[in-house]
Amino acid sequence: MVAPGSVTSRLGSVFPFLLVLVDLQYEGAECGVNADVEKHLELGKKLLAAGQLADALSQFHAAVDGDPDNYIAYYRRATVFLAMGKSKAALPDLTKVIELKMDFTAARLQRGHLLLKQGKLDEAEDDFKKVLKSNPSENEEKEAQSQLVKSDEMQRLRSQALDAFESSDFTAAITFLDKILEVCVWDAELRELRAECFIKEGEPRKAISDLKASSKLKNDNTEAFYKISTLYYELGDHELSLSEVRECLKLDQDHKRCFAHYKQVKKLNKLIESAEELIKEGRYTDAISKYESVMKTEPGVHEYTIRSKERICHCFSKDEKPVEAIRVCSEVLQVEPDNVNALKDRAEAYLIEEMYDEAIQDYETAQEHNENDQQIREGLEKAQRLLKQSQRRDYYKILGVKRNAKKQEIIKAYRKLALQWHPDNFQNEEEKKKAEKKFIDIAAAKEVLSDPEMRKKFDDGEDPLDAESQQGGGGNPFHRSWNSWQGFSPFSSGGPFRFKFHFN
């Protein structure tokens, strides 16, 4: 269904045309209109006035079928086509009107308008000149003269645009073409010429816009679809590239360049889709391998290299391989300093490496470009908590393990340190006190890091054994006394209070 506002707008644009229809309401007799045709014409006119374009069109189709030599039927059908934005369909009807009634200046004037919009300047000028020679009304004469002046200006601008293009002055050519296309809005060739200028000037997205318009204005425009596909490909948009090259092959399945390009895009698209599926499954090493294949498949297109590295950076970060993640993310950020995805992934890698200042800096930079991203906000808050925590007691440092250490590594480190710092090993009173404090920290670290829930709290910047951290202040940092840890074996897999442990 056509929107009422759209209908009003389109009818308004052909309003002078509709006035002519009113003048024609009594001319049916001149054409020898039979009763059925007259009925279709009158009903169609009422429906058109009411904005019911599809229904009006059906009536005028019936009128044309009933009397193929009735110029009024063709004229009114052309009016509906124009109101529906179907100028291509209107043009043959207007031509038929002129064939049937050569002195019908309104139809010739309207055809001149359409030809001018299509950029067919010589044909448009011919219509306007014939209008002036056919005893036009005062308004028709003024309109024809005005359009002749406009057409002459378009001829001059077109010549200047072509000269500028031939001289490789693409900026000047674009300026001239901009002015022409304000009038000759349906000129496919000029849009394609401007697209070439945009490509030369490094503005591929503007070129795509013109080429898309051209693909609709010109039938079977395989060349436009091919160029759109290659431009999307060079921009790194493999999905849209694949979609556009398929449109080319729908028009001509034997198109050599489109078919060759289709095979290349399809291969790349399959690799990327496979890699993304592996990422969803958490198979990061396999995904990295796929993206490395993407870079080998299309080394000549920079966009695929940088996008592949961006995803490899993400995989390393998620796979908790911080050194590799930082290296690859940094390569991306050297080229694209504001790449939010790479900033987030590198920040996560910095957290694993306990480089909190660097993580905070990356999160803050990312937030400048995407302030509403919840992941960035939460990451920044976590990094700030961990920085503050690192200035207090750090259980990972106490045991000498990395933040991504497995439970087995934590238990192994704990046992080694517990044996080393057990107070029973020290006879000197001062050394014993120092060992007691050290042993308490070691045991606390083991308790927190071997318990998944407590470890998660600590990883989020909260010390589960610190009253101040737990309650937001108001208490002293929690340290268990040596007495509370006695009877606790570093080799026990259960809780801390099994039996007294002695070294002999």
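Placement of Cβ uses the backbone N, Cα and C atoms for every residue, glycine included.
Residues annotated as repeat 'TPR 4' in Swiss-Prot: 154-187. For the repeat 'TPR 4' (154-187), same-chain residues at least 6 beyond its ends with a Cβ under 8 Å from one of its own Cβ atoms are 87, 116-119, 121, 193-194, 196-198, 200-201, 217.
CYS248 (disulfide bond) falls within a helix when secondary structure is assigned with DSSP. CYS248 (disulfide bond) counts 26 other C-beta atoms within 10 Å of its own C-beta, drawing on all protein chains shown. According to Swiss-Prot, the disulfide bond annotation covers CYS248-CYS258 (among others).
Same-chain neighbours of the repeat 'TPR 7' (268-301): 233-234, 236, 238-239, 242, 308-309, 311-312, 314-316, 318-319, counting only residues six or more beyond its ends whose CB sits under 8 Å from a CB of the stretch. Residues or ranges marked as repeat 'TPR 7' in Swiss-Prot: 268-301.
According to Swiss-Prot, the feature phosphoserine maps to SER274. Secondary structure from DSSP puts SER274 (phosphoserine) in a helix. Long-range C-beta contacts of SER274 (phosphoserine), restricted to its own chain and to partners at least six residues apart, with a cutoff below 8 Å, comprise LYS290.
Secondary structure at CYS313 (disulfide bond), taken from DSSP and collapsed to helix, strand or coil, is helix. Its Cβ placed at the centre, CYS313 (disulfide bond) has 29 other Cβ atoms within 10 Å. Residues or ranges marked as disulfide bond in Swiss-Prot: CYS313-CYS329 (among others).
Broken down with DSSP, the domain 'J' (394-462) shows 52 helix, 0 strand, 17 coil. Residues or ranges marked as domain 'J' in Swiss-Prot (evidence: sequence analysis): 394-462.
Feature annotation from Swiss-Prot assigns region 'Disordered' to 451-481.
The average per-residue pLDDT of the prediction over the repeat 'TPR 7' (268-301) is 95, rounded to a whole number. The most crowded of the disulfide-bonded residues listed here (CYS258, CYS329) is CYS329, judged by how many other CB atoms sit within 10 Å of its own CB. Taking the C-alpha positions, the distance from CYS313 (disulfide bond) to CYS258 (disulfide bond) comes to 33 Å.
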